[in-house]
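Reviewing the structure listed below.
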Amino acid sequence: MFVRVALDHPLPTLFDYRCDPEATPQPGMLVNVPFGKRMVVGLVCEVTAHSEVAEDRVRAVDNICIACPPLSTAWLELAGFAAEYYQRGLGEVALPALPQALRDATRWTRLLAPQERYRLLPAGRAALPDALPVRATALRRLADELANAEFLTAPDARALHPKAAATLDGWLAKGWVALEVIDAAAPIGLAQPIDTAAPATAGPVAVSASSEGEMVAPTESAAFSADHARSVSRTSGGRSPDTLAAPLLPILTDEQTAAVSAIHNANGFAPFLLHGVTGSGKTEVYLRALAALLDTDLTAQALVLVPEINLTPQFEAAFRARFAALDDGAIVTLHSGLAEGERARNWFAAHTGHARIVLGTRLAVLASLPRLAIICVDEEHDPAYKQQEGLRYSARDLAIWRAKQLGIPVVLGSATPSLESWWQADQGRYQRLTLARRAIADAALPTVKLIDLEDERRRGRASVDGLSGPLISALKARVERGEQSLVFLNRRGYAPQLSCDACGWVAGCPRCSAYVVLHKPERALRCHHCGWETRIPRACPDCGNVDIAPLGRGTQRVEESLAKVVPGARVLRIDADSTRRKGSAQALFSDVHAGEVDILVGTQMVAKGHDFRRVSLVGVLNADTALFSHDFRASERLFAQLMQVSGRAGRAGLPGEVLVQTRYPRHALYHALARHDYVGFANATLAERRDAHLPPFVYQAMLRAEGRTLDAALAFLLQAATALREIPAAERVTVYDAVPLTIVKVMNVHRAQLLIESASRAALQATLRAWQPMLRALKGVLRWSIEVDPLDI
Ligand code: ADP
Ligand code: ZN
Ligand code: ZN
């Protein structure tokens, strides 16, 4: 008997191995096989009686993973589709989608072992870390982790502290922590019904808490569905008192009700575009749609995708609170920020059906979910859904495919849908659900005003450090009234350039064709492309002039200026630099929510999804640069970002105001923004795209090449373009000139790209398939890759 196995290898073929029939191999099983001189884990795709490979060349399977139930045919099809569509080998898609623990056969036996994990109890929360010696840093870290994470597994604890087991035993005896034993490999079907009127013992948590009574088993009956909402008065404002175990449900607005029932009544594959203005309560729609489904089908699973899970703690909290009556461990997250062990466990919970709700980032779209019944994609327009390396897939597009494959509803939510999705809805392929009003009765959309910087200058009202007079006054007024403001600019660091007035020298990266960014607090010049860093020089390295000065403005500089022009204001900066440490983003955001901040300055990080309740003013700096980009999607992205960030203002009661500083106050994009007119913007931009033959009216693919020199990269692309002429399907494909990337050199590697496009997706796909083997035969570059549906041109 033979198995045909997919391996994580660029060749798009399956590899044959001999297998003992007694081992009953099945498609979807993982096997450990010899490959060259190594052993690797592969995925069984077929089981056959014959092999084309010569008898003496077929090697034998070493080991089959019995700890992991086989991946379903549907999942194999999903991986197969992604591989084919994105021009990759099946194994290159399937294996990286699995948790690391499954890809290492030496760890398979441990998978079956029950998982021990520790949870901090209230008594421990009160006692720790004060009970620990000040210098016991490792112990303190252990206590810290326990306090921050929901639980800590025994191996993770050991990794933090070599004697963790003994310490935790001590804490267990003191009643500070509880020990739980989870049987991760328990088969599907044992998943506990949500209705907790049924005894809460059938679930996978086997228990052994030393201090009983503290480990909370949900006691309230599940109050998920809309019916329970009736008794709750609207005046609660939708916020449930934290003390109640079963959350109060807000009364849905008419628009929300219509959306929920459309989703609920859907039959089979049903793609929805939930277009809801910021603050219209899209989350509530997902919650109700899920509740309705999970209430009626006690084994159904839901997948909810968000662009960046670390930035949406409120989102996760809302799901955990609403579905608190679900079995422990029935809501899991999947994202790259998880520790490896936790990610494996969560993946397993999804794969075995224990997890009823999977909340995750783009990688979760490839999770194994045997009972998947609904998918929600929040902020579906977000570019973060596109993987930018390796398999360059769009999680949103794969979500649609998956829903179609399974015949289930998929909800794409956004205040500013991608033009691709908007166009699908225009054509009637997606059903549009509109939430035009904010959910909270007294929260109107903010007024948007444009501050004409040229006009300010002509009137002799100079800006101070890039902050215009009207913006400064508005900020001061908010501070006086005790309201919060948000200042948005999409550039981190202190200044994007450091230059010498005397000779024109600008600090550049030695490895990239890019300027380095000045980071003042860190006293460093840093390359944002490769991470190269150096100290700020005292004088110009070219002419010795000591008067070298920063050019332009980043968040650090604006933070500094704000402290100067709005004296006494508590200014907080949130960007990739200030949140580098794990968990620090959450801490900073809590400060904002707690009202400990007057002015928040930040990059798009602050624009995404946060429900800031006291922000009444948003200032936008430096948005103009994106208006004239060579990338045709730049204006779509800018519009979405500005709508998002504007949406942070005036969410609860306080009237919101948005001030945009610009040199182009008459630009159509700003006009649409001022009128909150996504529809007008989308329709106008789509019309332009149609005239210009741009996506979504054509389909594109990008061939990128990286060489030691630019010439090498361009020569490769030229040969590639010539090869295209031999492909019949390429007759319907337009080939553009090979061009260097905007930042042509990164890490001493030179990069160029070749764009091809077609009005026919099938022609483009056929061309790419025929092209691949030709490209493999070409030489002269370090690397090349194909990206289908590229987002960055
Ligand atoms: P969006 O994701 O559309 O920007 P959110 O889901 O963040 O909006 O909702 C905005 C706020 O409105 C949240 O505080 C939410 O709790 C509240 N909310 C949602 N639906 C209702 C409702 N029907 N009644 C009252 N408040 C609601
Ligand atoms: Zn100089
Ligand atoms: Zn660099």
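Keep in mind that glycine also has a Cβ here, set from the backbone N, Cα and C atoms.
The structure displayed is predicted, hence computed values, not measured ones.
Over in TrEMBL, the protein carries these features:
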type	residues	note
BINDING	Cys500, Cys503, Cys540, Cys543	Zn(2+) 1 binding site
BINDING	Cys509, Cys512, Cys527, Cys530	Zn(2+) 2 binding site
DOMAIN	263-435	domain 'Helicase ATP-binding'
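The distance from the Cα of Cys530 (Zn(2+) 2 binding site) to the Cα of Cys543 (Zn(2+) 1 binding site) comes to 27 Å.
Nearest in space to Cys540 (Zn(2+) 1 binding site), taking C-alpha to C-alpha distance over the binding-site residues Cys509, Cys512, Cys527, is Cys509. Comparing Cα positions, Cys527 (Zn(2+) 2 binding site) lies closest to Cys500 out of the binding-site residues Cys500, Cys503, Cys543. Each residue in Asp501, Ala502, Gly504, Trp505, Ala539, Pro541, Asp542, Gly544, Asn545, Ile548 lies on the same chain as Cys500, Cys503, Cys540, Cys543 and has a C-beta within 8 Å of the C-beta centroid of that Zn(2+) 1 site, without being one of the site residues. Sequence-distant neighbours of Cys509 (Zn(2+) 2 binding site) (same chain, 6+ residues apart, CB-CB distance under 8 A): Tyr515, Val516, Cys527, His529, Cys530, Trp532. What surrounds the Zn(2+) 2 site, by Cβ distance within 8 Å of the Cβ centroid and not counting Cys509, Cys512, Cys527, Cys530, is the set Pro510, Arg511, Ala514, Val516, His528, His529, Gly531, Trp532, Val746, Met747 from the same chain. Close contacts with ligand 2, defined as a Cβ under 6 Å from any of its atoms, occur at Cys500, Cys540 among the binding-site residues Cys500, Cys509, Cys512, Cys540. A Cβ distance below 6 Å to any atom of ligand 3 is met, among the binding-site residues Cys500, Cys503, Cys530, Cys540, Cys543, by Cys530. In this structure, Cys512 (Zn(2+) 2 binding site) belongs to neither helix nor strand by DSSP; it is coil.
According to DSSP, Cys530 (Zn(2+) 2 binding site) is assigned to coil rather than to any helix or strand. In this view, Cys543 (Zn(2+) 1 binding site) is surrounded by 12 other Cβ atoms within 10 Å of its Cβ, with every protein chain counted.
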